[in-house]
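J.: Straight from Swiss-Prot, here's the annotation block:
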- 1-19: signal peptide (SIGNAL)
- 25-347: domain 'Transferrin-like 1' (DOMAIN)
- 28-67: disulfide bond (DISULFID)
- 42: dimethylated arginine (MOD_RES)
- 82, 114, 207, 268: Fe(3+) 1 binding site (BINDING)
- 137-213: disulfide bond (DISULFID)
- 139, 143, 145, 146: hydrogencarbonate 1 binding site (BINDING)
- 177-193: disulfide bond (DISULFID)
- 180-196: disulfide bond (DISULFID)
- 190-198: disulfide bond (DISULFID)
- 246-260: disulfide bond (DISULFID)
- 358-612: disulfide bond (DISULFID)
- 374-387: disulfide bond (DISULFID)
- 468-539: disulfide bond (DISULFID)
- 470, 474, 476, 477: hydrogencarbonate 2 binding site (BINDING)
- 509: N-linked glycosylation site (CARBOHYD)
- 513-522: disulfide bond (DISULFID)
- 579-593: disulfide bond (DISULFID)
- 631-636: disulfide bond (DISULFID)
């Protein structure tokens, strides 16, 4: 009883215990200097924040890895990490994610990345491919610019065995300074800085330390970031004493780092738990902090500098913070190339340049029905196709970005999102021509379909009607009609404009999900009965007033062409098209009555896999394309038991893009402009994540 009473009195003295816990950010510091700055940070924020605002508690640990473990174990909440450690933090069992990113440059031109460079003294006579036997200066073991990037690039040049990695690096260079390395096991890594001190107290730790190692004549090359040069060499005369090593084995002046760098590296980020991570509270705290104590703010406390040392808690070169989009995990934040380099280092992978890597293509299938078709394709092709599953097109795009899948065919709206995420179009679906050697078709027609029995509806009086869409972010079903409506109504509240609708991919509580039938209600895949072209048309037949589809949809589902009970008795003449001038026309006159021309669906992949995907699909369509006479007895790429699985069913063949191998070239300027205008209405969390580093 006394213990309970004592606890209650303690809580009363400190304020409500639950409230303190919920509004407290426990910041992790890795040395005494960081702990001192953290205490100043805590006290300074207390002066400017309201009583119910976020509070800071400082937690000191011996290293960043200990901080990562502490956050995962709910013993701390946040720490700022180099990109290499962001990757480490994101791995199981830690499962942390970036929640706030530092940005550099200026408010007018902010950058959430920096360049990793190899800095040498002018007059030293060697190139990047001649580093063996030289002396090297690194920022720290496992850090991005100082270790992961350069060692990843040099990995296949290291002497075998390459494990342990530190031993191979020690044998490659004649001497090194690698802070945080184990000097007892790998003494050569600490030859230039005895002890390999692992904190900013040490003279050769971090960016400035690696530069000092080079400047003092200890090393021949320093692996740093471009800002390190300008921070430590303010005058051009001083900078002219140094050069950069380029990937093409040339040298350039240090001012030309954009053309001569080892890699583009994402900025340092604050990480938190993926679940119950307090990311909103952390952002509230840091956003207030940059307002009161950021760059160009007067006061005793400075967020991005410290009298105690360099780069404490945050990088001194940071200008401010951006909130990281919620969809962004560590892999999306770091990017495929960076993650691949780090993964190769971890797993000891060194590709054989003579080996044919194009053995199979892993296709991303949406939902149960697509996976069944993909599995059949995989068996039929003898394993040339492998299958990966995801619930939404965006989840598939993310899997392709991360290397968990290689390819899928997408509507133009998703091609736009995939392009913003770094993927490229590889082949286009052709719907009219079977001549697969010609250039791809110009596109198909996006139309608005209504029932003939409902004669009062026209393009100009759709407000208050019930709408049917293929899915949010798809071309004919969303981007084109909603883009046209946006230009007229000048707002994004489409769920208020239409009385009810089914637009798969909308928020579940939206009126644009009220007409959807499931079984996974409003899901952007075939588990929603009203998903896709046929689904949107069925929605019109059974519940809606207008359907936004492609011009062929009505023809493909009337006159007995679709034997399903809801469609078997439908006639083409039961439906009409809405024209933009307010008139209506028969569905056969789509060429004179449509909303816009839409780009054909296209197969997308990563740049590094594009050539393989293209060759495999062109080979496979020879055997399983429209040359197959009877799809009931043999697998057909362009035929589905339900509609439009993996590819559109009306695909005649896949065609080469003839140079239109970027999403901008493939989609065309007009379509890009239309989608860009609609972006302010976008609910795509993946698009938000993929455009984050394009500030």
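Just so it is clear, glycine is given a Cβ too, placed from its N, Cα and C backbone atoms.
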J.: So if I measure Cβ to Cβ from residue 513 (disulfide bond) and keep only same-chain residues at least 6 apart in sequence, which ones fall under 8 Å?
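T.: The list for residue 513 (disulfide bond) reads 501, 502, 503, 506, 507, 521, 522, given in order along the sequence.
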J.: These are the disulfide-bonded residues: 177, 196, 213, 522, 539. Which one scores highest on other Cβ atoms within 10 Å?
T.: 177
J.: Relative to the Cα of residue 82 (Fe(3+) 1 binding site), which of the recorded positions 143, 145, 509 have a Cα no more than 10 Å away?
T.: 143, 145
J.: How many Å lie between the Cα of residue 207 (Fe(3+) 1 binding site) and the Cα of residue 139 (hydrogencarbonate 1 binding site)?
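T.: The Cα atom of residue 207 (Fe(3+) 1 binding site) is 5 Å away from the Cα atom of residue 139 (hydrogencarbonate 1 binding site).
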J.: Can you tell me whether DSSP puts residue 522 (disulfide bond) in helix, strand or coil?
T.: coil
J.: Taking only the Cα atoms, work out how far residue 539 (disulfide bond) lies from the residue listed as 'N-linked glycosylation site', in Å, as a whole number.
T.: 19
J.: Give me the count of other Cβ atoms within 10 A of the Cβ belonging to residue 193 (disulfide bond).
T.: 26
J.: Would you mind checking how many other C-beta atoms are within 10 angstroms of the C-beta on residue 477 (hydrogencarbonate 2 binding site)?
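T.: For residue 477 (hydrogencarbonate 2 binding site), the count of other Cβ atoms within 10 Å is 32.
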J.: For the recorded Fe(3+) 1 site, whose residues are 82, 114, 207, 268, find every other residue on that chain with a C-beta no more than 8 angstroms from the centre of their C-beta atoms, and list them by sequence position.
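T.: Surrounding the site, in chain order, are 83, 139, 143, 144, 145, 225, 265, 267, 311, 315.
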J.: Ranked by the number of other Cβ atoms within 10 Å of their own Cβ, which of the recorded positions 476, 509 ranks first?
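T.: Per the Cβ count within 10 Å, the most buried is 476.
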J.: Report, in whole Å, the straight Cα-to-Cα distance of residue 476 (hydrogencarbonate 2 binding site) from residue 358 (disulfide bond).
T.: 34
J.: Taking the mean position of the Cβ atoms of 139, 143, 145, 146 as the hydrogencarbonate 1 site, which residues outside that list, in the same chain, have a Cβ no more than 8 Å away, listed in sequence order?
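T.: These residues sit around the hydrogencarbonate 1 site: 82, 84, 116, 138, 140, 144, 147, 148, 206, 207, 210, 223, 224, 225.
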J.: Measuring Cα to Cα, how many angstrom lie between residue 474 (hydrogencarbonate 2 binding site) and residue 114 (Fe(3+) 1 binding site)?
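T.: So the alpha carbons of residue 474 (hydrogencarbonate 2 binding site) and residue 114 (Fe(3+) 1 binding site) sit roughly 34 Å from each other.
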J.: Relative to the Cα of residue 139 (hydrogencarbonate 1 binding site), which of the disulfide-bonded residues 67, 180, 374 have a Cα no more than 10 Å away?
T.: 180
